[in-house]
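> This is the structure I want to talk about, given as structure tokens.
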Amino acid sequence: MNQTAGTQALSPTQQQYKPHPLVSVLPLAVLIALIVLVVKLFPDDALAGASQVALMIATAVCVALSMTIYKMKWNIFEEMIKKTVGDAGVSILILLLIGMMSATWMISGVVPTLIYYGVQIMSPTFFLPCACIISSIISVMTGTSWTTIATIGIALMGIGDALGIPAPYTAGAIISGAYFGDKLSPMSDTTVLASSIAGADLFSHIRYMLYTTIPSILLSLVLYLIIGLCYDSKPVDVSQYLTGLSHGFNISLLTMLVPAFTGWLIYRKTPSLITLLLSALSACICALILQPEVLVKIAGESGITAKSLFEGIMTTCYTHTQVDCGMDSINDLVATRGMAGMLNTIWLILCAMCFGSCMVASGMLHAITHILLKSIHSTVSLVCSTVTSGVLLNLVMGDQFLSIIMNASIYKDEYAERGYRPELLSRSTEDSATVTSVLVPWTACGMTQSTVLGIPTLVYLPFCFFNIISPLMSCLVAILGFVPKPQPKEDQTRVTEDDKDSIG
């Protein structure tokens, strides 16, 4: 489940305005050029404002071209921006709660305890495939890649650091596993969304995805294993990590009650906002009971009082904290940013939504995707075009949900006209729009995971093997002919109903 803004497709105005394709690609070209420049000039803090400015400049280019060349009115853009940004309210709350939950899980001792025992169990050779598998299992069970990465993902980052594994490698394995599980979980909102927009049965859609998803994850695991076998990690004295964690926190298995409670909430299908809030509150209670000394140090007080405990809890929830564990590497690992750590991400998401809204309102997005539709002459070109536009929409829209909706909506009639089952469309959409969103620095997914894991998007990107392989595998499967044969349009409804009957 990747909570991003918007659950309904925005109606483009291409019926009235039909910009030329060459004009339409200019804002996107400007954005890509600026982002490349920003990453080069601000490698460590590109998210602190420069990327947001780049998005606003690209937005201004889009609006300026539309208003000067095609005489569009400003109110068209304003209304579209209002709607899109308005839909982002819940997403912003979720991001703030993720920041609070991640911080409270750390200070309460949940993550330090997981790291403490994890480094004693895992070996550097098999760590990356194990991290991928663990993230996959948790994500399938919960249906949410975001929560998986914000909880067990942070613990795995710590374990990897203790074992001497480079952080980008670990981040890539975690993200690969989390998005694999999210993609196949019937509880995932992206899975439900893609199948419903394409008109496919949910479980039939999941079965069709196995043809591309299983080979992709298996190949990813092989690559992670090869890295583990070939990578000459420097010997790390794990005992120093154990001593440091014990010095900074009260390591106790009682802290596992917090993730157990969170898992129970997810099992009960509690709404995301409530789950995140209750999880953070339970971690606060755990911190009060098991980590009072830590809270006092965070508050800057000398004794355990109600005031110092309250101040420590509040500071943990909303801003940066630092716990002295006796080692700089561990101190950096257990440092938290709270809700304040999500502000740059929220800022970027709002700017990305402005850009995506204006590209839709101007009709430029439609003009770009229309080029892809004109190039379709076969099954292979149809699938490859769907996959390409899914990636392109993530680059333009900055929002995974909107990319899924737009992609499925653009091609739905084309698939129906050619007699293909809707599962082929939903699978191609998920193989592209769902998994590649986390690879784009200015999308909600890319920004959130970069912030949570503390690794820039373009730094962990080369190691997200599953996310890179999935769209390529979708095209390869089509080239090899492993796609459902076209069927007469009158048979499509009957087949879908048969699938539903076989399931239920």
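Every residue gets a Cβ built from N, Cα and C, even glycine.
OK, TrEMBL features for this one:
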- 21-42: transmembrane segment (TRANSMEM)
- 48-70: transmembrane segment (TRANSMEM)
- 90-108: transmembrane segment (TRANSMEM)
- 114-138: transmembrane segment (TRANSMEM)
- 177-482: domain 'Na+/H+ antiporter NhaC-like C-terminal' (DOMAIN)
- 208-227: transmembrane segment (TRANSMEM)
- 247-266: transmembrane segment (TRANSMEM)
- 273-290: transmembrane segment (TRANSMEM)
- 346-368: transmembrane segment (TRANSMEM)
- 380-397: transmembrane segment (TRANSMEM)
- 459-483: transmembrane segment (TRANSMEM)
> What mean pLDDT does the predicted model reach across the domain 'Na+/H+ antiporter NhaC-like C-terminal' (177-482)?
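Computed over the domain 'Na+/H+ antiporter NhaC-like C-terminal' (177-482), the mean pLDDT is 87 on the 0 to 100 scale.
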> Quick one: do the transmembrane segment (208-227) and the transmembrane segment (459-483) reach 3+ CB pairs under 8 Å, ignoring pairs fewer than 6 apart in sequence?
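In this chain the transmembrane segment (208-227) contacts the transmembrane segment (459-483) - 3 or more Cβ pairs sit under 8 Å.
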> Counting only residues 6 or more past its boundaries, what in the same chain has a CB within less than 8 Å of a CB in the transmembrane segment (21-42)?
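Same-chain residues near the transmembrane segment (21-42) but 6 or more away: 48, 50-51, 54-55, 57-59, 61-62, 65, 69, 355, 358-359, 362-365, 367-368, 370-371, 395-396, 441-442, 456, 458.
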> Counting only residues 6+ away from its ends, which parts of the chain sit with a Cβ under 8 Å from the transmembrane segment (114-138)?
148-149, 151-153, 155-156, 158-160, 162-165, 169-170, 173-178, 180-181, 217, 220-221, 224-225, 227-229, 231, 233, 238, 241-242, 245-246, 251, 333, 466
> May I ask for the residues of the chain that lie six or more residues beyond the transmembrane segment (48-70) and have a Cβ under 8 Å from a Cβ within it?
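Residues packing against the transmembrane segment (48-70) from afar: 17, 19, 23, 26-28, 30-31, 34-35, 37-38, 41-42, 77, 344, 347-348, 351-352, 354-355, 358-359, 361-362, 364, 398, 441-442.
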